[in-house]
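Undergrad: One structure coming up, written as structure tokens, with questions to follow.
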Amino acid sequence: MTSEKASSPSLLRGAQFSGENCMANHSSDIAASDVGELARERKNSALSVPKITNIIYGQDLREKMHYVYQLVVSHSLFKDSNNYWWIDNKQRYLQACATAEEFVKLIRLYKLHLDDDYLSVLQLLAGEDFFILLHLTMFLPAMKSLADPEQLKEWLPLAEDFRILGTYAQTEIAHGSNVGGLQTTADLDCRTDEWILNTPNLHAIKWWPGGLAKSCTHCVLMARLRIRGKDYGVHPFFLQVRNLENHESLKGIYLFHIGQKLGYNGMDNGGMQLQNVRIPRTHLLMRFYHVDKAGNYKTVGNTKLLYSTMTYTRKQIIWAAGCQLARGIVIAIRYSAVRRQFPSAIDTSSSTSMPSESQVLDYLSQQFMLFPLLSTAIAFCICGRWVHGAYKKLMEESKVGVLERLTEMHCLTSSLKATMSMIVIDGLETCRKCCGGHGFQLAAGIPLILASYLPQATYEGDFVILSIQAGRLLLRTVEKKMKNKFLPYPEENSMQYIYEFDPFDETSEIPEGDAWLSDKSWLLKIFKRRANVLIYKAAQLFSSTLAEDSNMLTALDYVKIELTKITKAHAHVLVLTQFQNQCQLLKEDSTTSTIFNALCDLYALYWIYEAFGEFVFTRALSADHYETVLHRIKELLKIIRPHAIPLADAFSLPDYLLNSALGRYDGNVYEALFNSVRNEPLNECDITEGYYRNIQFILHPERKQLSIAKL
């Protein structure tokens, strides 16, 4: 067989030239001109996209999103996001550093740090994870919560102007959720008025803090405070880890990157060893603790506020959860409208042309996979706004010493963070599957979104740990009821429905007929009953287990599964309540109101369907309702279908943020997918190094002997 010198395939080579201008002309702006399938979808819907956007985000937040988006576009902040499809982890980090520089320039130039909402929006529109985000969401809140006024006066201006870059160093290689088990030590040397910091063994090495590897100059270090041999437990310290002039790690501090991860690789998660590192005594963060020169220790202020740092971060995760899920939903819905598969009808004409194919989005099975997630993303956005507002109110009240809402805030943020993060992860994977084989490519966008979001199920408390925290607070609500103790703010408290439930009433109003399927008060009542019965049964089981053993940890472990169930049930009550409250604000007899109410009902019925056994077990519904619920879901899918594309558009997620060949606003999917391979390193030449090193010897083993002989 003769061989000829091969060249790059002509089709690919042609695309590399003829497609250049075409690619350059595809605007990433949400207002880009659209063609084909998506244009028809938009034309055939009477929905007002701006109205839906206002409902999802609220007008104030929508305007702030638009303002920040214009700044981002005008500064070309994320113009190279397509690089994520092929660059390695080192390049990803270096690109994250470049993005971080532009990110900070934007904040300084437009003074975005003066409004927390602007910073939150900017972080959302970044679409990538890098060290500056942890500086904003962990380091700064920790400093504000834990430092005393004198410390804040010295350090906060530097941190807010990014003159120092910080992270939160708590997790160790052998200890995570069990904060009390941390082994990093801080021993007071009264002679020099200093703390001596050590990671005394392998288990104590700090592991995972984002930005600690190569980027941050400082951290809030969690370590065991010890004075003259007495251990006072884990406390926060302000620690400089790198020289501010040349960025070298300081004496006794050994910093390193922990290695490649499944995703989230714009973030340089690091490890740290400490060997007799000395810091001033006054670098103990002293808002709630004080140690004087003589080594006298005391607590000051209300230590309940220690929850505020974690609560803030969880609040931020909740606030962004809907948009993170929406990124996958928008891609999958747009692609499903463009993608056609299988003939829509038997072609009986004499024409030899192929019969037309159906849009994948027209299949009920595809709608069942995507539209409930669409409604869930909207619900999460609305609920996130509510939590954001509730947190602001709590912080205002805390300034004058009012902390009645703190327990409720801890419970609802724990419940919602645990539940939402798991739903978003599962939902993004469903969206990926709905994109078929193309969904597996990084150029589809969803794999990168999913991989970067995955850590959110773990950091700031995973589902089980947060379920224990939230579950215990829910059980305490039952305990208060049994002892006839009132909850604070009974008119507003999100746990009030638990207090009002009568566990001794054996009757259950199981709905009859079909009217309840679109009756919002009935739907919410069903969710509350499910949650209440599960909560009271868990409380009963916990009480009886504790009576038998008297060991709190053993009893908690025995009901841990039940606690995960009640956490999820409570979270759905919170989300549905806020979704329905939003529906009540809409004008009746409008297309917007009709579709939005359909989405709200779909959210309720889909999650009933997903946990149907629990609703039957708690006698909120009967087994006979199964088919009724599924039938109504199918009706709602048909109502929503004509408006799916405008609803996806209403999230106002620009193309650069989706970073997807499949989810483009203009629907030009196949050209974008084909052009996505142009920068793949393996396409730089036709014959790769792998052929010369190995493949040729597989095909021609005799060449191996010849090459050896030549040596």
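Just so it is clear, glycine is given a Cβ too, placed from its N, Cα and C backbone atoms.
As annotated in TrEMBL:
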type	residues	note
DOMAIN	49-164	domain 'Acyl-coenzyme A oxidase N-terminal'
BINDING	THR171, GLY210	FAD binding site
DOMAIN	307-475	domain 'Acyl-CoA oxidase C-alpha1'
ACT_SITE	GLU460	active site, proton acceptor
DOMAIN	522-695	domain 'Acyl-CoA oxidase C-terminal'
Undergrad: If you draw a 10 Å sphere around the Cβ of GLY210 (FAD binding site), how many other Cβ atoms fall inside it, taking every protein chain shown into account?
TA: 27
Undergrad: Can you tell me the CA-to-CA distance separating GLY210 (FAD binding site) and GLU460 (active site, proton acceptor), as a whole number of Å?
TA: 13
Undergrad: Would you mind checking how many other C-beta atoms are within 10 angstroms of the C-beta on THR171 (FAD binding site)?
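TA: Cβ-Cβ neighbours of THR171 (FAD binding site) within 10 Å number 19.
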Undergrad: Enumerate same-chain residues with a sequence separation of six or more from GLU460 (active site, proton acceptor) and a Cβ-Cβ distance below 8 A; give 'none' if the list is empty.
TA: MET310, THR313, ARG314, ILE317, LYS417
